[in-house]
């Protein structure tokens, strides 16, 4: 399941992030690459653990914690601290699959990457190219979203970023370990939760059908989740 989530960050929050990022020091993006990715990756990245990366990462994590759609879709158990990249001057990232396990350097923290996320921090009209292209059994999906919007997709997906030929594409990217490992079960729970909310708006939270379906949702979550 691929999902676009609007307004994870407000325009004011995006501007605040960009103000800090635009004066920060950037390094070669291969600092966080695995072997396969290092052969495919051409971009710049904020150093992992830098004060700017930590400050903006905390802001993003707070925003995710307040976003009901993100929680319903991802059912997050762990979120890898957000990283930040920049593409310009023809830079791109060829087809690859993200590493299954991500380690936070210098700590014992690790995340199984069930879901990948890209949070756009540049308006689409400010650069050419730079589309995130995600492949699944239905074909290719080309993603280029407004600043503050996020795309969430299975970390098992082949994906690439097309060359940026004008301007610069700045974004945050990170991985989520879900309480529900199985993608199909997770998608079913998200669909069920969404439908329950729709019925509740029409019938009210105290409607017996809403109460019953909510019980079904939680019992399925109890059966499938690791917490």
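For all residues, glycine too, the Cβ spot is worked out from N, Cα and C.
Predicted, not measured: the structure shown is a model, and the values here were computed from it.
Its Cβ taken as reference, residue 96 (Fe cation binding site) is surrounded by 18 other Cβ atoms within 10 Å in the chains shown. The Fe cation binding site annotation in Swiss-Prot covers 96, 98, 159, and the record cites sequence analysis as its basis.
For 169, the entry in Swiss-Prot reads 2-oxoglutarate binding site, with the evidence type sequence analysis. Around residue 169 (2-oxoglutarate binding site), the same-chain residues at least 6 positions away in sequence with a Cβ under 8 Å from its Cβ are 86, 87, 88, 122, 127, 129, 130, 161. Residue 169 (2-oxoglutarate binding site) carries a strand DSSP state (E or B).
Marked as domain 'Fe2OG dioxygenase' by Swiss-Prot: 78-178.
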Tally of DSSP helical, extended and coil residues in the domain 'Fe2OG dioxygenase' (78-178): 3 helix, 58 strand, 40 coil
Mean of the pLDDT scores, which run from 0 to 100, over the domain 'Fe2OG dioxygenase' (78-178): 97
Sparsest-packed among the binding-site residues, when each Cβ's other Cβ atoms within 10 Å are tallied, from 98, 159: 98
